Amino acid sequence: MSSKGGSSRLGSKDLKKMTSRTERELRDSGRVRGEVERVEKRLRATAKVKEQPPTGDYKRRALASPGETAAPTFLVDSRGIPRKTSSTAPRKATLRPASSSPRLASSSRPTESTLPSSSSRALQGASSSSSSRPRRLHESASGRGGSGGSAGELRQEKKRLPELEAAEAAPASCVVELRDVTARKGRTSPATPPETAGSSVCGQGSHARTAEKLEEGTASHRDGSRRGSVDAETWATPGDGSSSHEFESSPQREERMQPQETGRRELSSEPRSGDLTKNGGDGGPRRHSCAWRKWREHMIQSFDITTHPFPPRGDGSPRRGKFLMIFLTSSVLFFVFLQELVLNVTTFNGRCMSPVLYPSHDAPESERTPRVISFGYGACEHNLGVSLFRREETKKDPRGRWTPGPLTERCASGRCASDDGWPSDLVQRGRAQRSPAAFDSPNPRVFSSLGALDTNKVRNYGEMFRVVWGMFLHGGWMHLLLNVSCQAQTLWILEPAWGFLRTLSLWIVGGVSGSLLSAVANPCTVTVGSSGAFYGLLGALVPFSIEYWDHIASPAWFLFCVSVLVMVAQFGNMVGVQGVDNNAHLGGLIGGLLFGFATIRSVHAFRWQGVAERMASSTLFWWMFPAEKRRSLREDNLQRVAREREERSSGRIPPPKFVWKFRGHEREWCVRFAAAVGLVTFWSVLWLYLLVPSYYESLSSPPGNFSFLGSTGCHCCRVQPFPGEEDKLPAFHPVRVNRGLFWCFVSEGVANLFCGRSSALNRGADVYGQTRQFEEALGDLPSARAGEAPLRIAKEEGESASVWQRLVKSAKKTYNAVLGNTTTPAAPSAAELAQQTRAGQ
């Protein structure tokens, strides 16, 4: 560019740049002009719909002319509370939403004639005094030339377009996230109250609430969700210009009005108590209703109460972070089972974990002294007669007579984890302790070492931890996966509604209840597994369905399916499945059922009238009710709902109680109290029969594990030698070593031998005084100690009973046990014992 004689000449490049810039500005100005015209058109349409005469004590005079208004000016502070009103003379005014003020709405909006035409391409101010008015959104572009203004002004207009779009939208406080708690779908949808004559877009009574807030001044609001609703429901129209106020921006206001609670919210569209008082009504009931709502929100915020069991569908996973109990229990159970496998390998199937080497019993006397092997598995290899790695074959040592055994491999689980006990050439009768393993489980011998539920060790050695720790162990991969999958499916329903602490307490109570009943009713076997806790979750589904009766789509069907599932699971295991502890299942079911009712939040929704109506309308029970009865039930239920709604609306409800979540109903407290007493009684009786000798000794013949084929039988007694054989038994005989213990045996013959009811010495006894009968009886001990409980009836020798005879015998035994007619064989007298001994000799 060059300058000469006061004139300037543009170069070709500069001229191109200016031309392209001018074309771009013209194109942008046309686009902006079109957007402004569309926004102004929508504003005029909205103002025409909203222009209705106000009602109430604060009626405004009709507009004298299309461009005049006599509405008072409502000025609000930064918190959204009205501070001052000015009633000025009518003056010419047009709609001018302020850029820095929140989006406001009022019933006295200007008419279509008060708005500028679309050709003006600008929104004019509402007052001639620019010093006292808020900043304009758009400058008039009529005097800017054909281009529609400079480039800076065009950019400003483009920036203000979103504000114009927001100005014609509904106020933010009118669209409240309202969770429909009566609908069973549990969805969340933005809800707006209906428009009525004399009310704004946000609901009825906006002018009355506005006037009340003007009188209150800086008084605090009754409801947090109602804060800022007046400034969102009233469009600010400047007055005489005596005072101006800088409003907070809409994003700041929306952030301030963000609700803190995650539960339900209600629209604050009902009139306040002051409105009723001014109109001649009684504001007391409204105060109670408002106090109730405030108390409910306080409880939700303070205690994080879940008011709806089914979270709404939204962005992302609505249940994210809701299943801590599922992941916690599953991970713990898997970790403990892996520890079982590790211990099964390192202890040689539970047979050896000590570094002490015990020489053979036929070794020279000078070499029979046990010794400690400080490193390696040499001690266990010698004691078990195996070798873990290939060694050079050597001849037998003439002094120690020890040669490395055959090469063997250790397994964590499966058939290879089975063993034949201890070698007979090293351990007397070592082969009698044979222990087989299932295809998916470690050797059952390790369960007792890991802390499985063993009633005999709990009573005699005080190992109380077995009552709790036994439910973390599992017998195999199939057992573990089945329990974890069933628990996850049940916790998927319970945990989002009941929360982590309540669900964790339920899981522990169910597991301990199952362990207690199993330990008392079947003390002969070793029990592992968390199926008792799972049945506790199943039992809790019954109070869950009653507690959330109004939120479940088909609660009657849900309750029916839960009942059928429990019966099928319980009775299915009683058909003849071996290795299943039905006592633990039954105890967990009772514990979970009682705990669920003891902690139930409300039984308010479970009324017979509503239940009968649901049953009459269901496809399962409709045939039980005639058509007239079904119609009558439905009408009665609708009348009851309408009556309760009228009572709540009129204020005939009691003030909020302290314990809000329990609703304070006497019937509900009776249910909780009865269930809590039942649970405490159930636990107390079981603990007494588990730990107190005077109680469990009176139960000498517990029922054992039961099924439709009968029961396994269980026989308990004090271990003692047969009278007259105390000095004849060897020093390390099992009877002499364990003398005085109260032990329970599966076989009645074994119990008679160890409890002194039958003689262990007989013709043909070996060096230890053990007869063939005694050795055969000992064959039942490995299965009893290893936790294998074959489902059979304990019968006398030579007795062959059919299935029908077993059922009859089991029924008679149960009948006698219930009536207290169980006969225990009396201990023989000294004369009878002497006579039996002489006859045997």
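Placed from the backbone N, Cα and C atoms, the Cβ positions cover glycine too.
When Swiss-Prot is compared with the stretches 464-484, 737-757, the one noted as transmembrane segment is 464-484. Counting only same-chain residues 6+ beyond the ends of the transmembrane segment (571-590), those with a CB under 8 A from a CB of the stretch are 475, 510-511, 513-518, 521-522, 525, 527, 529, 531-536, 538-539, 682, 686, 705-709, 788-791. Looking at HIS585 (active site) and SER531 (active site, nucleophile), their Cα atoms lie 6 Å from each other. The C-beta environment of SER531 (active site, nucleophile), restricted to residues of the same chain at least 6 apart in sequence and closer than 8 Å, consists of ASN483, GLY514, ASP581, ALA584, HIS585, GLY588. Comparison of 323-343, 464-484, 526-546 by number of C-beta pairs under 8 angstroms to the transmembrane segment (492-512) places 526-546 first. When Cβ atoms from all protein chains are considered, those within 10 Å of HIS585 (active site) total 25, not counting its own.
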